[in-house]
Every structure is written in structure tokens, then in C-alpha cells.
Amino acid sequence: MLSRLLPFLVTISSLSLEFIAYGTELPSPSYVWFEARFFQHILHWKPIPNQSESTYYEVALKQYGNSTWNDIHICRKAQALSCDLTTFTLDLYHRSYGYRARVRAVDNSQYSNWTTTETRFTVDEVILTVDSVTLKAMDGIIYGTIHPPRPTITPAGDEYEQVFKDLRVYKISIRKFSELKNATKRVKQETFTLTVPIGVRKFCVKVLPRLESRINKAEWSEEQCLLITTEQYFTVTNLSILVISMLLFCGILVCLVLQWYIRHPGKLPTVLVFKKPHDFFPANPLCPETPDAIHIVDLEVFPKVSLELRDSVLHGSTDSGFGSGKPSLQTEESQFLLPGSHPQIQGTLGKEESPGLQATCGDNTDSGICLQEPGLHSSMGPAWKQQLGYTHQDQDDSDVNLVQNSPGQPKYTQDASALGHVCLLEPKAPEEKDQVMVTFQGYQKQTRWKAEAAGPAECLDEEIPLTDAFDPELGVHLQDDLAWPPPALAAGYLKQESQGMASAPPGTPSRQWNQLTEEWSLLGVVSCEDLSIESWRFAHKLDPLDCGAAPGGLLDSLGSNLVTLPLISSLQVEE
């Protein structure tokens, strides 16, 4: 019976030794997994604790759905913790089943238990990556190119674009070199363009690949930085914009220059240009200029000269406003002259004309009025008297000064404010034709009558032109027996106004001048036949005129509506 138990004991002992040799003397790896990228399939495991220098690991691989494990002998390296299984899994991207793998530790004759991957290794386990990114700046735009992974072990037709044909997406991140904040952009192809940010000279770009139809993990590519230099700003676009701007500026400048040239007067032809003569001073100039002599008036000699000028022929009423005591005969033509067509008037003038009644002009001023005194012609008819019984001596109201009559003679003075520049003469010879009344404005030259050379009749014939006429509405009548003397004129100028009136000397004391209540027109034309001696009279007396008449009424007054001259009261006369 003992012989029967011996073979059984030997078999049990051998089994126990074999169990000890391949048993759990070594711990197994705790975790095994695949870490794969495109055509880079790496199997990783964790090492066992307290491993020695002689410890190594064995790896077995099988396809999913197959029971046979294939040992991978290239992975038996000392202390290695990973093994590249790419060559054993090249068909991974064409088969959907995947692979499984297991790992154990070996130390001399001791072995550990197998540790298998927890999940099946498929395409979804592949991590998506980008091999590199290329950036190029041109015309102010950044052109980027994404390079997918191109492993050398990749079989023909299994490129990244062929394996992942659809739904490829790339996420692009752009940031300044000195900042952490970035901007992202998504593209669906391996090329992209970026605009250079304003004020950015250096920036960095990185790309993250994605597949919209899978859940693969992805890794950012290596960041690529680009430094934009000054030369890169001079691109074709920038140069084109610069050239166009310069052309526009030059065009505007040319237009402005042309406009200025057109408005600017051109150069005259040489034939029309007269050169300025050179200044030369001849020894004997043809027309030497004589400077105006200015003489200082000697105040001591001046009174003597004034006395001499009083007795000279030049004494008279002039524009200077200075007068003398010597009587001056006024020979200036009257502003308003009666037409001499009436024969009775002419006859009366011829008979009554004598040097008895002549006036003296003393202290006459710019008003040009010469008032006469009958002292020089006493043989004439009735004397002129003041109407109100008083005389104006050296009147300054209108710069008209009157000289008193000689004692025993009637006085006649006229106020320049009332009479102005008006002198009225009687008509002349009947053979003269009717003349139209003419109105003068300004100054008329006055000439002096010389009583010694000619008689009063000759002076009237030569010096009194009949140029003016009365208005027909005036109704002035002169009686036939009226004989009134001609006014004495003084040398000088008589101021004329645009509108003025003339007064005629009176005749006999019983005859008077009458004036109608209506205003008589100075511009009217009257015929000499309508005038008669009986019509030369005035009807109304006007006190403000301050004009005197002899008793009996040679001249009562003039109308209040007569146009008077402006008062000139700025000059003063010594006498």
C-alpha cells in the first residue's frame, strides 16, 4: 500500500514547487494603460514596489475578440515602464475592435501576476496633436499654416487628413508677448489668416486641434511667436495707400497753385513795360520849381496899409470879409433882374438915373450884400429910410455891417438875414427881348462903378443885364411916374443861392411895392409885356425884414416867405 501512495506524494510536491516558482512572490503592476497619439501608441504601467536592478516587465497583446495573447519581446527591458506598440497596432485606425494588453513583473525566477488594461484601446484613445505651426507676415496680414502629425511609420493612405476626413476644427489662440490674456479663433482648415493687432510688435500663436464627431482629447501645439519689424510695415498695400495719398495731396497742391496763378496778374509784355527813369539833377533845370513864399504879417505896419487900402480903388466888399470905412459902389449884377421890355420902365430909368443915390458898403462880409446910402446921390428921388425908425450899425447877426448915412440924410439899411443876397434892379431899354429868369447858386463877381468916368445912365446900360424875370403870380406893378435910382454895386463877389428873390428900389413916396399872399416862384417865366409901371408895388409890410422906407412908402417890406441865405456870424470886423 505504501508503494501506491509514493507516486501521489511526488506529484503533489512537484505541483507545490511549481506554485512557489510562479506564485505571488513578486507584486504585480498596479495600473496599465495606453497613451497614444497619431501613430504613436505607447503602453504605460506602474512599477512594482521594492523592485531590484534585475527586475523587468513582460507585455502581452491581443486584438479585441481574440483569445490568443501575443508576447511582445522588445518590451523586456530592465526597469522600463513603457513600451511602444505602434508597429503592432498599425491597423488601429481601420478596425473598430481595438486592442487589449497586459503586463507582469519578473525578477530572476520569480514572477508576478498579470495586470490587464481596463479599457479597450481604440481610436478614441488617441490624443489629437499638431506637429507645428508656421507664421508669416505679409501686407499687414499674418498667414498661418497648421502642420498635422506626420510620423515616419505612418502607412501610405493613413495620413491625418485621410483618417480624420471630416469635422476637423482648429482653435487658434493669439496673445501679446508681454501679456497672458489671449484671443481665440476657430478655423476648419489647416491654413488661417490673422490681422496684425494695432500697437502690437510681437505676439505668439498656438493651435488646438479638435474633432467634432469624437471625444478625443487634444493638446495645444507649441507656441510660435512672431516679431513684426519696420520693414514689414512697408507692404504692397501700405505702399499703395501711401502713393495714392501723395498723389491726392500733389493734385490738390497743383490745383491751388493754378488757381493762384490764374488770379495773379501775369507779366506784361516788354513793349508795355516802362522803365523808371533814373534820377538826375541837371545844372540848369528847364522848369525850376519856385517854392511858395510865406510872408509874416507885421502887426505894426498893417494898420498903415489898411488906411492906404481904404482910399484905393481896390476897396470894396470881397469874400475876405474885411471892409473899410470908404464907401464902395456896388456894380455887381443882381440875381433877379426885371425884364426891360416895358417902354415906360425904360423911360423912367433913363430920366431918373443920376449919381445922386449911390450906396456905401462898409464892413461887408461873406454874405456879399451891399447896402447903399443915398448920401452920394442926393439928386435922386426920395431917400431911403428905416421903416421902424432905427438903424442897424455894424450888425453882426449875418456878418453884414452897415455904414450910417451922412447927417441930414434919410437912412436905409437892410438886414442880411432877411434880404440875403437879393438885389432887384429895374428893367432896361424896351428894345431888349424878354428873357427867362435864371437862378444862380454860388458867388457872382461884382465890379465897381466909377462915378468919375461915366454917368449913372451909362452904368445902368453897361452893367445891368436883364437875365431874370418875376413870376407871373407876383403881380408887381410899377407906376409910370416912378423914378428910382439904380443900386450902387461894390467890387467883389455876390453869393447866389439855388432859390432867391430880388427887390426893386422904391419910386415915389406915394408908390409902394405890393406882394401877393401866395408864394412867387423863382423858377417861373414872366413876359415883359405883362408888367407895367403901376404893377411894381408891394402890398404887405413885414416887420421882421428890418428894411426901412422913406415916409410916403418907397418900400414897405418884403414877403416873409422870401428865401433867406444862411447866416454867417463867425467873422468879426474891426469897424
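Placed from the backbone N, Cα and C atoms, the Cβ positions cover glycine too.
Per Swiss-Prot, the features are:
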type: SIGNAL; residues: 1-16; note: signal peptide
type: TOPO_DOM; residues: 17-241; note: topological domain 'Extracellular'
type: CARBOHYD; residues: N50; note: N-linked glycosylation site
type: CARBOHYD; residues: N66; note: N-linked glycosylation site
type: CARBOHYD; residues: N113; note: N-linked glycosylation site
type: CARBOHYD; residues: N182; note: N-linked glycosylation site
type: DISULFID; residues: C204-C225; note: disulfide bond
type: CARBOHYD; residues: N238; note: N-linked glycosylation site
type: TRANSMEM; residues: 242-262; note: transmembrane segment
type: TOPO_DOM; residues: 263-575; note: topological domain 'Cytoplasmic'
type: MOD_RES; residues: Y443; note: phosphotyrosine
type: MOD_RES; residues: Y493; note: phosphotyrosine
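Overlay of Swiss-Prot feature records on the structure.
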residue	record	DSSP class
N50	N-linked glycosylation site	coil
N66	N-linked glycosylation site	coil
N113	N-linked glycosylation site	coil
N182	N-linked glycosylation site	strand
C204	disulfide bond	strand
C225	disulfide bond	strand
N238	N-linked glycosylation site	helix
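Looking at C204, C225, the disulfide-bonded residues in this record, the fewest other C-beta atoms within 10 angstroms of the C-beta turn up around C225. A Cα-Cα distance of 50 Å separates N113 (N-linked glycosylation site) from C225 (disulfide bond). The Cβ of N50 (N-linked glycosylation site) has 9 other Cβ atoms within 10 Å, all protein chains considered.
Within the set of glycosylation sites N50, N66, N182, N238, the entry lying nearest in space to C225 (disulfide bond) is N182 (CA atoms). With respect to N50 (N-linked glycosylation site), the closest of these recorded positions in Cα terms is N66, chosen from N66, N182, C204, N238. A separation of roughly 49 Å, to the nearest angstrom, links the Cα atoms of N182 (N-linked glycosylation site) and N66 (N-linked glycosylation site). Calculated from their C-alpha atoms, the gap between N66 (N-linked glycosylation site) and C204 (disulfide bond) amounts to 49 Å. Of all Cβ atoms in the protein chains displayed, 15 besides its own lie within 10 Å of the Cβ of N182 (N-linked glycosylation site).
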